[in-house]
């Protein structure tokens, strides 16, 4: 019993100056003595030190009952001879009894008292608190990464700068040479450790690790200098190493300079930096995600345009085919809209492209090509067209899957969420918002959200009566029925219209325009109807509302695209001669072009009428001060719909990405000005990262998948038209690759290994099946690994909880035992 | 590259690029922003590493920080002296950590420092109260503030000492997928 008390006493003595001197206590004793002697201006014995602490304890605690016991109890347990304490030799002989003169505060008193005052809520004695504050987890935590920067700032204070920084717990260091040396060596050790941790890695990894260190920039540069340029030494070996690192650094610098000299591309990638910043400053992350998504789509289309432009459009532009109709040379406005006339015989559409194999001589000087075939470079237009489309889709697929998995990984919530309140307090403030009114609105949002969460946690589940719940259920069912019915009727209407036109075999301008207008009209009006249904449903959780809205819009788009695909790929492509079409691919391409343009025109009209005029109307007529909120879900799905059409149309109109690029460009500026003028920030919180993941997911799965499946179906099953295009007179498009193979074998027998490779790998179904099987197995394996890790995380969480309970239990036991001791040995 | 700038040497720019998440162009742009905060104090030539610190009052006037309720704490957390005086290196460091490419762990460390008002490496109840008051601009009543603080500590405190250590904070952050996108300032 006595031992335990004296243990606590000695810990008391050690405590205030101990915080920063690391875990190895026994080594610190002589230093500790020095510290004790020179700390502050007065000579302090451990008892007076303790009395200060007790005084502070009594001051900060309102009832103070345990302390009065302690202040009598603890000093008495110190025997003048000193109980043989194995843990810690007494510094100063404990001869004096505490007088209780309030000494000057210890130099680092403030953090300790605050630490103690928060623990005192549980009326733990000062002794227990001393034990707590010198627990290994507390002292080790001082050297963790959370305070590495504090320590690192002291990396520079090697010389005796007597006073530590405002938030260091360092005592006064006059003449503490031993302490200096000790601390310098521990800091040097830390620096060495950091440098060596980087040196062992490759350059890229090392830089990544360096950037992620929570040190100040000056320290990072110091470590970088040490780690990457090597330490100058005299031995040959170290000189060689230094040479190599120098060379490596030089090469890296040259590469970077090259990279930044093509700043045109970089400035394109950072195209809308300033407008985006203004938008996020005013509206926050939610609205910004729409514009970021628009930028992503722009990059995709740009990539597609480069690929098709280089390999399909440019070669054909150099070798133009003979024109069919010479009187279609003038371009009128309506033709620009319809895609007929002049445009139908331009590079824009499929029909322009020939199925010839252009031969160019590799020796450019002589005007006449020698008969020697090895010098002829054939460029097969059909094969180029086919392979370009396939490769463009393949690259797009890879990029989509990569960005989706990266986005998904970032937004994954692995651990179970016990509640949302802490997350709301710390993670809900959007640091990008910078406009005053938006900041005020953001504060209101957060306080409303916190109040809602508080009321939920206090009152528990929202108790509704049975009748209310039934009512709600009926309303929801009705809303769903209405939405599904509207989608269905829209699709059926388009289908009937299309069938009617096909039966009449008339493809006049007005009818075609009408069809496109009807499709775009449905796309525009039905989402408004969905919003109305959502308003009637009055769902509580904003997340569910957004997801339901996205799902309904998605259903609408998918059904419309489905009906249109049926029209093009089944009805028109199935019996082209039946409809009197010479070139059905061009026709389909024109329809897609028309759809894109009319969609754009309707969007412009809606932005003008729906947002601008509605704002004026609601302000003047309805006298409402609130501006409408930007409907993110609807606008994003519009973008995805446009992108689906572009992907579908890539085969039939290779320059369609260019149209989409122009459209996206104009749309950005238009939406930006509309949002700035007409809308205000939303009152509901927006789960930005999960929504971005959802958008990319929708872009990949319904949208890209539909396009890819249509293209594959076209290549595989549909007969190309015989009168136009690069695949005329072939039964299926796949045959073009065979033709290329034959041509290559004849002209360049040296490249026959390429054709052999192609035929054995790509055309062999066995290889494709086995590759797919291997991929599926890898996916399954990774899935199992993730499941296992999730289980381990759950177990570790449980362990941490149990540890916490153990700690509480031990602390209360310690408290009880020390109280008992004080009661047993009164003085 | 063509245009020769004389603000930094090439080695300095390389060092900045390796140690932060910014490119050369962005570093030069940041220097421009730093300079325009106090044109008479900040030298245009940084090749000799001049020792120039701007006070807190100038930095929190930047349009990106002006309306942010935590602006003082943000600047203090990145300053070496703890009082908010930033040298150019610390200025770049601040925006680098707050840029969108900084990893979650790094952001969590500095977010913890920002919310730790009394700088004791724990988020105790007083810290939480101050955070809440700044977040809600005193729209909550004191009882509500008290309640929210208690519930927050209850939810997030894993080891039972009634305050949040860095591990508790990091654990809670990992449950918030939005943290990366909200703890971000565009410059």
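Just so it is clear, glycine is given a Cβ too, placed from its N, Cα and C backbone atoms.
Quick look at what TrEMBL lists:
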- A:786-813: coiled coil (COILED)
- A:14-31: compositional bias 'Acidic residues' (COMPBIAS)
- A:39-48: compositional bias 'Polar residues' (COMPBIAS)
- A:59-77: compositional bias 'Polar residues' (COMPBIAS)
- A:116-162: compositional bias 'Polar residues' (COMPBIAS)
- A:583-689: domain 'TMC' (DOMAIN)
- A:1-174: region 'Disordered' (REGION)
- A:287-314: transmembrane segment (TRANSMEM)
- A:383-402: transmembrane segment (TRANSMEM)
- A:473-492: transmembrane segment (TRANSMEM)
- A:512-533: transmembrane segment (TRANSMEM)
- A:554-573: transmembrane segment (TRANSMEM)
- A:593-617: transmembrane segment (TRANSMEM)
- A:691-716: transmembrane segment (TRANSMEM)
- A:761-781: transmembrane segment (TRANSMEM)
Quick one: DSSP breakdown of the domain 'TMC' (A:583-689) into helix, strand and coil? 80 helix, 2 strand, 25 coil
Taking A:287-314, A:473-492, A:554-573, A:691-716, A:761-781 as candidates, which has the most Cβ pairs under 8 Å with the transmembrane segment (A:383-402)? A:287-314
At a C-beta cut-off of under 8 Å, are there same-chain residues at least 6 beyond the transmembrane segment (A:554-573) that contact it? List them, or none. 484, 487-488, 490-491, 494-495, 498-499, 502, 519, 522-523, 526-527, 530, 579, 581, 584, 587-588, 591, 595, 637, 640-641, 644-645, 648, 698, 702, 706, 710, 713-714, 718
Averaged over the coiled coil (A:786-813), what pLDDT does the predicted model reach? 85
